[in-house]
Every structure is written in C-alpha cells, then in structure tokens.
Amino acid sequence: MAEHLASIFGTEKDRVNCPFYFKIGACRHGDRCSRLHNRPTISPTLLLSNMYQRPDMITPGVDPQGQAIDPRKIQEHFEDFYEDIFEELSKFGEIESLNICDNLADHMVGNVYVQFKEEDQAAAALNALQGRFYSGRPIIADFSPVTDFREATCRQFEENSCNRGGYCNFMHVKQIGRELRRKLFGRYRRSRGSRSRSRSASPHFRRGNRDRRDHRDRDGDRDYRGSGRRGGGERHERYDDGGRRRHGSPKRTRSPVREGSEERRARIEQWNREREEKHE
C-alpha cells in the first residue's frame, strides 16, 4: 500500500495531494483547492509570485493607453527585468536556472522561479527578500516544490502549438536572448574552468587567485545599483528594502564533503612543496 501511494504521489491518480501544485508550485484554485498543497520547508527553488509586470498586462501587444507596443521593446523590457533579478539573487549563490512565466492566468502571471545550486543559498535569498519591494510592489517569495522544470513547462508552447494560450495551466517560460544568457550563466562555466586550471598551477599562483577572489567577494557585498546591462543605476533603484539597512549576503556554510576535498588538496600541496625543497 505504501509503495502504491508513493508511486502515484503528485500525479492525477493522487486524490489527496494536488498534482498541479506539486509540478508547478501554483494552483488555480489556490487555498480553495480540494487537495493538499504540501509547502516545502526547504528547497533549492524559490517562487516570487506575480513579480514580473508586463508592459502589456491588460491586452497583449498594447499598452494601458491603447497604443501598440513594438515587440522588440517588450523583449527589451523583459530582459532588463531578467538581468535585474539575476544580478540581485546571484549574490546569494550560484543560480542553476531562472524561469519567468509568460502565462496570463492569475495564479501564474509574472511568476519568477529561481533555482539555486544549494538549498542554503535559497534560504539565504528568501530571508533577504522578506520585506523588500520591487518597483513599488512588495516581493512575495516562498520555497517552491518545483525542482524539475521539464515536468512543469508546457511542451506544446515550446513547439508553438499550445491551443490554450496564456491561460494554460503549465508554464509558458519566456526566453531571453542568447547573448544575455551567455553573459549571465557563462560566468559559472568560466569560474569552473579557472578552478580546474588552477589545480595544476603553483601554490603561489593559487594563493594569488584566492586573494583576487576575496577581493571580488568584498566588492560583491556593495550596493549593486551601479551595475547592469541597460539603464545603469536607474533600473536598479527599483529595489527597495523597506527602510531596513541592507546587509551583504551571509557567508555560505560548506558541506563536509567539500571541506574534506579542500583538506586533501591542501595536504597534497604541502607534500609537493616539501618534495620540491628536498630536490633543491
């Protein structure tokens, strides 16, 4: 019996738990849903509900004054928002994915899903977002059960064949340009590559790299309003901490596995230095 319940958990056959909340972290019935919404107490994924405000919120392709909007302006507006969110949240750790819904239904419109590499990074970001505002609107953030976005996204939308439009119950993820994606997510690939190359370098070179990383980390704790691809400081002034004093991101606790590997690496470096001294 237990195996059967586990096999149908989060599926349409599950009459107890809501499959839509389990898959996409949102349900059109909200608190009135007849099935349970099991809200996670910890997760690598955060949901920022209804955060993205499209310039054509009322009628697609038309601004509030009834004037047609150039699709390029809509995309530029979206990419400004995307970069703004990415730069702010990346202070708390490596971002695995950042997905923003292009749906129109109330429970999904403007939803922002950010998935961190580690759960403690998501917890730190969630704590920092409490009481914050963006463009004069409060940020509503919570842990999300979504960890596999392949199950949450609409495959028909990706193939341009979804007949439900913006009111589909699965995610219609709005895409950013290739250049911006390379700029934002490419930093992680570059950092991984630099770390792998540094292992074969001398101890002095490694120490110099650590010093530079520490310098960058200290710079990263500063107010981020001066950065950005477009708009500079004006765009970043949309964030407001509600009058609270802003602090840098908390120091990340490292797992025992990572600490163990660093200790082994330090012992190997020490052994190499001793061997070089003997040869001299």
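Positions of Cβ are set from backbone N, Cα and C atoms, glycine also.
TrEMBL does not curate its annotations; it predicts them automatically.
Copied from TrEMBL, the annotated features are:
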ZN_FING   12-40  zinc finger
DOMAIN    12-40  domain 'C3H1-type'
DOMAIN    44-146  domain 'RRM'
ZN_FING   148-175  zinc finger
DOMAIN    148-175  domain 'C3H1-type'
COMPBIAS  187-210  compositional bias 'Basic residues'
REGION    187-280  region 'Disordered'
COMPBIAS  211-243  compositional bias 'Basic and acidic residues'
COMPBIAS  244-255  compositional bias 'Basic residues'
COMPBIAS  256-280  compositional bias 'Basic and acidic residues'
Treating G and I as helix alongside H, and B as strand alongside E, what does DSSP give for the domain 'C3H1-type' (148-175) in helix, strand and coil?
11 helix, 3 strand, 14 coil
Secondary structure composition of the domain 'C3H1-type' (12-40) [DSSP: H/G/I, E/B, coil]:
9 helix, 2 strand, 18 coil
